[in-house]
């Protein structure tokens, strides 16, 4: 039997494939209904208001966008760092990165107050001082570059461009996540933001969540298509996930410790780390305990070596942890009141000086889930019509030196 | 078994479909949508002047409530039918400040401070958030996409997002569902040589004028008595200054 990596479309034509695609369609329909309802009535039917201006859709969107650049890492490790074991996963990595970004951008676009006005940006109304405007270009460039990257992997005639395009895509993705983190990095007005560490924090967050999504989607797809996947590649991904989670914990700890160094930030840090609110619960239980320490334990526990369920659960927990962290950053940061007058208690009938409350509406959750469904549906259609998936990722295929 | 030729033809059609859809999505907006543009007042507004306001909180009879009422009357905000209290527009609000150490209580109206280096202008992706040459910070509703990044960036919480459809708007104060708005310094009145509505209603507590003109009333008063900026530490060089805070 040949050990060559062979890529083939998935052959699933049964009720399983179309049933799952139909389920995604249902969620996409739900997202569309949510969008049109919010578009028709206005955002008053959402849980967002003039105090919490970014809500659940933004958490979904930022999660998907951040995970998109992280999902490309698997391919980059093969291309940029020359690790041959990862190379068969390159196409899947590029595909997942693209569909994640598309899913995230759709949510972001459909939550806008006037999505139709985005046309104006294409007519040249772009403010290059805005990191948002830069992000538009970074996102577009990312999709184009990853498209090229996939092409260099799929077309033998384009093989010579594989390395340079792979390098470019890797560099671009680092800049992209820097841009996403910088959205929060330079908001002088908000106590919880305005820290340059946001950019590297988002990069490491993308490493862990992107890889976690890659692991979940790849394991599920191989299971459902009945294609073999070996322990060699899974254990590589397993330990990589462990390192990325620890890296994220380190950066997040640094962010809080450096904030705590300045006494003026003690109030906002106490609000997040030791408050009687959802953010403290999500931070310690959602992110730290169940979203980081537990998956790290599952990854490194000696009794669980080669245990696929533990890897799958660890990846799912990492996704939950990243989502929790984003909730704490995005919502928690807005919930803490703006400081108009330091050393004074500020009150008004417009909610000055109060901890702002937020509870997401059904529409926002549906819109977010719709974006996730778009991403999964695009992935399913793509692996069905194009040759993204190796027929086997068994040990003897990905690593010929393995017995 | 599928015929490989069929698969290839299927794939070709699929890729063609993607191409056609992308092309249509790119071209359609330009061909189908009517362009709406505000009247061009170039040459009318000049950077020789910089409009500003000086608010003496000691002279405010109602602690700023009279300012809020006048602004609401002039622009018609705050009466949104469906929005809850947290969602209703608030262009200016009366804020009560209690000094933690001394317990001294002060009240003042807080609105867009018309910063020289406005964070909302910096972060706006389309340039809808803009500063006129004469220093008035405005939102161009025709290109505002409603992303609310300016609201995240404003240190004064001076901006509101319109959460619902609006009816019976004031002719001089166009607003729109899904866009962001804030104090316009009554630009429609200023352009006609009049003072903002809040200044008129303040019984002399607010002085309006040209900060660039050393002989203007506001400049003379600032030079003689000084005026404070809220969050001066941010270095935004606000066009709205306060006395008595």
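Cβ atoms here come from the backbone N, Cα and C positions, even for glycine.
Annotations in TrEMBL come from automatic prediction, not curation.
Annotated range for transmembrane segment in TrEMBL, selecting from A:219-238, A:239-258: A:239-258.
The transmembrane segment annotation in TrEMBL falls on one of the ranges A:195-218, A:339-362, namely A:195-218. If you look at the transmembrane segment (A:239-258), the same-chain residues 6 or more away from its ends with a CB under 8 A from one of its CBs are 77, 195, 197-198, 200-201, 204-205, 207-208, 211-212, 215, 269, 272-273, 287-288, 292, 295-296, 299-300, 311, 314-315, 318, 321-322, 325. Residues of the same chain lying 6 or more positions beyond the ends of the transmembrane segment (A:93-112) and with a Cβ under 8 Å from any Cβ of it are 31, 35, 38, 57-58, 60-65, 67-69, 71-76, 118, 139, 142-143, 146-147, 149-150, 153, 169, 173, 210, 213-214, 217, 364, 367-368, 370-376, 378-379, 382-383, 388. Contact between the transmembrane segment (A:58-81) and the transmembrane segment (A:15-38) is not supported: fewer than 3 Cβ pairs lie under 8 Å, counting only residues 6 or more apart in sequence. As a quick check, the transmembrane segment (A:15-38) and the transmembrane segment (A:365-386) clear the bar of 3 or more Cβ pairs under 8 A, pairs 6 or more apart, so the two touch.
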